[in-house]
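Heads up, the thing below is written out as structure tokens.
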Amino acid sequence: MDSFNNNNNNNNNNNNNNNNINGEGITLRTLLNSCTNTSSNEQLIVNNVNKNSNIINNININNTPSPISTCINVNKIELRGSSNGIFLNSKIKVPLPNSTLLEQQQDGADEQDKKQQSLSDKNILFSSGDKEFLNHGSNNIITDQNTLLYQLQQQQQKEKEKENDEIMNHDDIIGYNEENEDNFFNEGMDPILAHSIEHHLHNHHHHHGEFDTQENEDTSGESSDESENIDEVLVYTEDIESEKEKKRERLITSPPSFDPHTLYSMSQSLLNCSLNNNNNNNNSISSPSSSINNSGNNINLNNSGNNNVNSNNNTNIINNSNDNFISQPLFNPLSMPNNEQYELLPNPTTTTSTITSTTTTTTITNLPPALPSFPSSSSIKSLKNSFGSNSITSSGELNNVFSSSMSPPMSPPNRNVRSLTFPGTNPINCINTSVINSITANTNCINHHHHHHQHNHHNHHQGHNNINNSGHIRKSADDTVTLSPTLSSGSSSTSSSNPHHPNHNHQKGLNNKTLEKLSCTRKEIYELIEKKESLIEKQNLIDEGYSENADSFENLSEEIQKINEKIIELENLITSLSNSNSNWSLNGSSTSTISCNPLSPRSMNPSSSTSSTSSNLTNSLRKFSQELKIELRPLDLRAELYSSINTSPRGSASISGGSGSGGGGNNNGCFKTSSNSSINSPIQFFENENESIDSYEKKNEEQFESLTQLIRENQLYTKPIEFKEIKLLEKLESNSKSSNIWQIEYKSTQLVLKQPKDQDSDKNIEKRKQLFNGSNVSGSNNSGSSGGNNHNHHHCNNSNGSNSEVIPSKYTMIQHKNLGLLVGWCGDSIIFESFKGMNSLHDLIHRDGLKIDMALFIKISKDIASVMGLLHSKDVAHGNLTSRSIYLDRFQIVKVSFPKLNATDLNNPAIEPRYMAPEMTRMEEDQISCSIDVYAYAFVLWEALTSHLPFRKFNDISVAAKVAYENLRPKIPTSCPLIIRKLINRCWAPLPSDRPTFNDILKLFDHLEGKLFFSSPGILWSLNNDQEVERELQKKERFNEITEFLRGKKEIKFDEVAIVEKVGAGSFANVFLGIWNGYKVAIKILKNESISNDEKFIKEVSSLIKSHHPNVVTFMGACIDPPCIFTEYLQGGSLYDVLHIQKIKLNPLMMYKMIHDLSLGMEHLHSIQMLHRDLTSKNILLDEFKNIKIADFGLATTLSDDMTLSGITNPRWRSPELTKGLVYNEKVDVYSFGLVVYEIYTGKIPFEGLDGTASAAKAAFENYRPAIPPDCPVSLRKLITKCWASDPSQRPSFTEILTELETMKSKFIKQLSFLNDLIQNPDDDYNNNLNYDEEVDS
């Protein structure tokens, strides 16, 4: 680590590799060159050999790792003949500018003893060599990196004149040295310099006699222990240049504001040459009081993670009657968010510490070079959005406006906002990066609490001072920091900020309304700049030969020019607001006023700046500055959109974006209002500060229900809307070539109306027929014709003949919360749900630079798949699934535009060529299906992942040909998760049959979200093909074993059975577990004892014993006294328990096997003319191999005369004909079978939410059935629907069911293999049949 230690004598430490530098005439360049030549484990020693011993100017910087940050401090120093001074609460003196004379003020021995006794807990004892001195740790002066750059510039200018300057050095340490007071002017002093100082003292006493009196009184007698800890330093400097007397009276301007490139480049350059980045360097420096520059700010920057950043802050005193009073360092990090103001409070308590010269210091890790640090989080009280100046209050609070970051507006956003603090450090000890510029020759006035005023005898703030900084910081449209206060002529007088001071005045700042207006104006400038950059990029693409939709970009140059004019207009507005509202007065009786620089950031003449460093940058520094622009991204753009969906709240975000419609335009229109077409910065788009995403989803569902209720109540699908019922709000901008888009209001609901530009009434009527399947549209024909003749206000008129009922179409049956709803029609115009406040995914990615993180990506992908699954279940293809037809609002709600009517029209396809499936390009009509949407879906996923337009370097014609005939696809980035890469490759497969369905895709994303198939918890029962074969063999072996044993046995003696325990009770019997001849058996003791004498019962039981089947519970025999039946005992439990009690989840193959086995068992029973009549999941049992066994059959037929209807069948599974008391046949079991299949697939109880009786009644008399999930395969959906048909003759037999299941099996296997391959197969994700575009940026 680098350590700068004070060498208190002239003895050199003759260690290995020592570098001895004579202190006479030392300059900054000499020092830096010497530091550059040092290496690891070297010691750099600078000896003070100047014989003038009355000037004490040594540096002590401790740089060792510790949770405590140590800063260099300045001892109180006073110029002879003056009682005025600059008060710095510290003890160590630092190098001051050329020709500056210093003297350490003498304190009496008794006063010194009092100070030693009254040290508060904020004092830290340092040991330097053989002497000790005190450091007030809570009032350290903080570094200022801008000033260091200015020092280097000034030093270069002064090198040619250094022979005219006299260097005064001293080799004593800073402390309470009684010999210093009388030896300030000695024989080695420059007489010109002495004359200048005396001249300045004369002016100073003349103008500030009040302060002389106050300080003399305070010096003669101090009344509090706190005031005794205050050190006083009075420093006067002159800028002695070659012009001598003429320039001696001129005021020295403050360091100029550096542009970001110069600031960071030169900081890094100094850092590399002065500190070497070597952790083991031990550089010991005792610096003379030689002049470094004319800025009073010294900076030590450290690029190592193990080094502390220490410095002190000296302030130049010009040769004038103005005094600068500094106590508290400024906290102005360079890269704080825009319009954010920290309110820093003094630390209420500090801890007493005694630290020697080996004290460790805070380490700064994981920071890029020259990255400023933030104040400690303990010092941050509140964060406010504001635009104003630094303010001061009597309570000691320090309000600072932090400057904006220096990266360009288009820098990639990083949404990870973190407070960069020093762990364990005092909030005062941080990097000071403020820059105070002065346009005129006046000085800044900085107030502090510890100045010894006449009425100030007590310190009420424990060393925490207020700073009245006159700098006004704002970020220009070019994203550079401008800190340029303009000081009017006159002397700035200072006063105490102590609340007891009689002349204390509160300063006045900008009012809240002006601040808010300034903030909004700045945001609008940033938006315009981002929009301009996007348009320039599009123009460049067109110039490179990319001609997609080139017609829509014809006026790009004009639009860019308009944006530039608008930016200038807004900057002028900022100027006027600043000039009219930003003046304020200093505290006390100051006559000086400070105002913002009236010049616009773009109109400022760079030649007026006193800094010319940027013009002298080398190529390497320019390159480095460009790298820093990327690395040091704007902190106001850092939000955690990437970490979580529920993060990155932006309360100030304001969406004024597209008011799109559900129907979309030619490109599914991202419609924008003509008044405002831009949105906020992309990372400020999403806003979910107070509520979670789930709550926004709930609101979306409520809005969806409200809109569907509006449609139902007004019968909008069956009758048109009268034009007089709607209100035209505004015409929306759209890329649609076929329609005019209007924002309308209907019954207090905002909607979108698409007015066709084509006045062909027949064509418009045909389109309306397709959407609404209207049987009576003649009434609106005339209105459609008149609409064309009467322009906008008559296009919705309809005649009185359009009141007849219209039959709903399949399009009116498509309703989903994530789909833009079809609302109705008015004349020839179609009305859709409005997407106001939403922006298309295309615009968010390509216009606003939004980066999609994985959590948001999965949400968008799943919502789209859910909508598309519903459309395909209705046999409707969307036809235009692109990033332009997908919309998002600030709460991450996804909407997909309404499907196109010409979705599969090969002659007039609705979709863009780069999203078009290859079979459409090849005009293969027999291959056109809903899978064209799956193909387009893959490109939407790719676009969201890469933030690039598909095939951006090809025109439309080239893309269509290369995709269709060369199988060209964009290259998927390797940073994309493997499972997503595989999914995309499957979706854009060349053959439609190889593409998955949206139901498969939806289940995949359910799995990625931690859910597999069903939301209910439980274990997954899976089955593969090998297990299926093995279990079939086991089932047959056990069945054959039992059959052989029972051959010839019909009756069992009850005393041959050992009853173990009761295991349950059913409708007809109590069930017990028993042991019979070594076999576990289920003993069902019938409740109706009269049955034992019924020969029919005995004959029925006998027939059951002979009818063995692997999927039917095996009957072992019966006992007449008492009447009971013996069956095999199945320890797997019932299917009802598995699905609804244990909540076991089933994979597709297990589902298929259960359904298939159940069909086999029921087919066997029906083949021997046996009806079950109580087929429910409770009567379906599983053995240890999870094989299906049907139980409790056959008895209902015998007991039909004795049992009530409710006892025959459970009401939930009861067929309508049984409920109605009609004649029935074996089809009652088919009805129940359909409900059991529904249970197996969904894991839900049939008619969930209704009791048994109500469900049976609604099923019989209202034809009510449970809702089949949209992700259910179409073939299985059709089978279930057939099985629970109201008409028994429409239900299939179990033989027909088995035939359908055999054809369905391949789809189940394909579904299983698709999911398993995506999740488990580690093979390469690339498709060998595809050619990947290597030119596409991945």
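Note: Cβ is positioned from N, Cα and C throughout, glycine not excepted.
What Swiss-Prot lists as region 'Disordered' is 1-21 (among others).
The region 'Disordered' annotation in Swiss-Prot covers 203-254 (among others).
The annotation compositional bias 'Acidic residues' is assigned in Swiss-Prot to 212-231.
Positions annotated as region 'Disordered' by Swiss-Prot: 282-316 (among others).
Per Swiss-Prot, the feature compositional bias 'Basic residues' maps to 449-463.
Summarising the annotation, Swiss-Prot assigns region 'Disordered' to 449-515 (among others).
Residues or ranges marked as compositional bias 'Low complexity' in Swiss-Prot: 482-500 (among others).
Among the features that Swiss-Prot reports, region 'Disordered' is placed at 595-618 (among others).
For 648-673 (among others), the entry in Swiss-Prot reads region 'Disordered'.
Annotated compositional bias 'Gly residues' per Swiss-Prot: 657-667, in sequence order.
Residues or ranges marked as domain 'Protein kinase 1' in Swiss-Prot (evidence: sequence analysis): 693-1014.
Summarising the annotation, Swiss-Prot assigns ATP binding site to 699-707, K727, 1063-1071, K1084. Long-range C-beta contacts of V1071 (ATP binding site), restricted to its own chain and to partners at least six residues apart, with a cutoff below 8 Å, comprise K1062, V1063, G1064, A1065, A1082, I1083, K1084.
Summarising the annotation, Swiss-Prot assigns region 'Disordered' to 770-802 (among others).
What Swiss-Prot records for 773-790 (among others) is compositional bias 'Low complexity'.
What Swiss-Prot records for 1057-1309 is domain 'Protein kinase 2', and it gives sequence analysis as the kind of evidence.
Sequence annotations record features per position, and here Swiss-Prot assigns active site, proton acceptor to D1174 based on sequence analysis. All protein chains included, D1174 (active site, proton acceptor) registers 24 other Cβ atoms within 10 Å of its own Cβ.
In this structure the C-alpha atoms belonging to E705 (ATP binding site) and D1174 (active site, proton acceptor) are separated by 39 Å. For the recorded site, K699 (ATP binding site), the DSSP three-state label reads helix. Annotation for K699 (ATP binding site): spatial neighbours F891, criterion Cβ-Cβ under 8 Å with sequence separation of six or more.
Note: the Cα of D1174 (active site, proton acceptor) and the Cα of K727 (ATP binding site) are spaced 60 Å from each other. The DSSP secondary structure for V1071 (ATP binding site) is strand. In the three-state DSSP classification, D1174 (active site, proton acceptor) falls within coil.
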